[in-house]
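Novice: I'd like to ask you about the structure that follows.
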Amino acid sequence: MTKTDKKSFNQSLAEWKLFIYNRTTGEFLGRTAKSWGLILLFYLVFYGFLAALFSFTMWAMLQTLNDEVPKYRDQIPSPGLMVFPKPVSALDFSFSLSDAESYQGYIDDLKKFLKPYGLEEQKNLTDCTNGTFFEQKGPEYTACQFPLALLEACSGVDDPTFGYQEGKPCILVKMNRIIGLKPQGEPRIECTGKSESTAFLSTYPSNGTIDLKYFPYYGKKLHGNYLQPLVAVQVGFGSDADVREVMVECKIDGSPNLKTQNDRDKFLGRVAFKITMHA
């Protein structure tokens, strides 16, 4: 390295030091303290204004919302259906009659799901009048009792295996909750089976009836102890084949304002599941 190169490097270093802090002008990174102060003040005011504007718009929007009832409910014209226990694969229940472990998971899932429906858990609920809406004005809201006895052979009371041990599996069907829904007519869940082998269905309560006393629903916050009405479907097979299966479709029926036909949603108000039982 030549003497000229060393001088050029020293000059560059001196210029950098001068840029970082100039003792003569008192500048730091090319600006005086006053200049830095004005810039910081500008950004403080600018971003403070943006934060205040965002907070105000959020506050104004929240004033239009109700903590207890959703503002927009017209996008859900009719409830869908769900089934329990939860199948291992999508809506396909498969088990072996000779292997208790293959259906033990279904039994455990049903017991867990029905736990809130026990006598002790329902002792503080209301014994409502059948056939009429249970409308309440608050501020306290209670729920109607749903006796497990309505599910008869699928209640788990007399048969803790819910029919699986005997080859007559039970599936529970329920409607999704919709706040303020008041079904017209006599709503029920109708289930039909389609299979190559002989299979028959038993529905509990009789005819899959859903009593009007379980409506309307007032929302999770107000109606926290609400129990959804259930319909149980028990499948029996008439053949002795090694593999017996049936395709079951359940849909809402008997209520004009609960739809089961929709071009955009082919599963609106209905659900289909398959049961396969191996020997």
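From the backbone N, Cα and C atoms, a Cβ is placed for every residue, glycine too.
Here Swiss-Prot flags Cys128-Cys144, Cys154-Cys170, Cys191-Cys250 as disulfide bond, drawing on similarity to another entry. Marked as N-linked glycosylation site by Swiss-Prot on the basis of sequence analysis: Asn124, Asn130, Asn207. Summarising the annotation, Swiss-Prot assigns region 'immunoglobulin-like' to 186-279. Residues or ranges marked as topological domain 'Cytoplasmic' in Swiss-Prot: 1-35. Taken from Swiss-Prot, the feature topological domain 'Extracellular' applies to 57-279, supported by sequence analysis. Under the heading transmembrane segment, Swiss-Prot lists 36-56.
Situate these features within the shown structure.
Specialist: Around the Cβ of Cys128 (disulfide bond), the same chain contributes Phe134, Cys144, Gln145, Lys213, each under 8 angstroms and 6 or more positions distant in sequence.
Under DSSP, Cys170 (disulfide bond) is assigned to a strand (E or B) in the three-state scheme. Around Cys170 (disulfide bond), the same-chain residues six or more apart in sequence whose CB sits under 8 Å from its CB are Leu110, Leu151, Ala153, Cys154, Phe162, Gly163, Tyr164, Ala232, Val233, Gln234, listed in sequence order.
The Cβ of Cys250 (disulfide bond) has Leu81, Val83, Val173, Ile189, Glu190, Cys191, Gly208, Val231, Val233, Arg270, Val271, Ala272 as same-chain neighbours under 8 Å, each 6 or more residues away in sequence.
Here the Cβ of Asn124 (N-linked glycosylation site) has 10 other Cβ atoms within 10 Å, regardless of which shown protein chain they belong to. Classification of Asn124 (N-linked glycosylation site) by DSSP places it in coil, neither helical nor stranded.
Just so you know, the Cβ of Asn130 (N-linked glycosylation site) picks up 10 other Cβ atoms within 10 Å once every protein chain is counted.
Taking the Cβ of Asn207 (N-linked glycosylation site) as reference, residues of its chain lying under 8 Å away and at least six apart in sequence are, in sequence order, Arg188.
Taken together, the residues in the region 'immunoglobulin-like' (186-279) have a mean pLDDT of 88 on the 0 to 100 scale.
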Novice: Using Cβ atoms and a strict cutoff of less than 8 Å, what residues sit near the transmembrane segment (36-56) while being 6 or more residues removed from its termini?
Specialist: 28
Novice: Please work out the number of neighbouring Cβ atoms within 10 Å of the Cβ of Cys144 (disulfide bond), leaving out its own Cβ.
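Specialist: Here the count is 19.
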Novice: Roughly how many angstrom lie between the C-alpha atoms of Asn124 (N-linked glycosylation site) and Asn130 (N-linked glycosylation site)?
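Specialist: Rounded to a whole number, the Cα-Cα distance is 18 Å.
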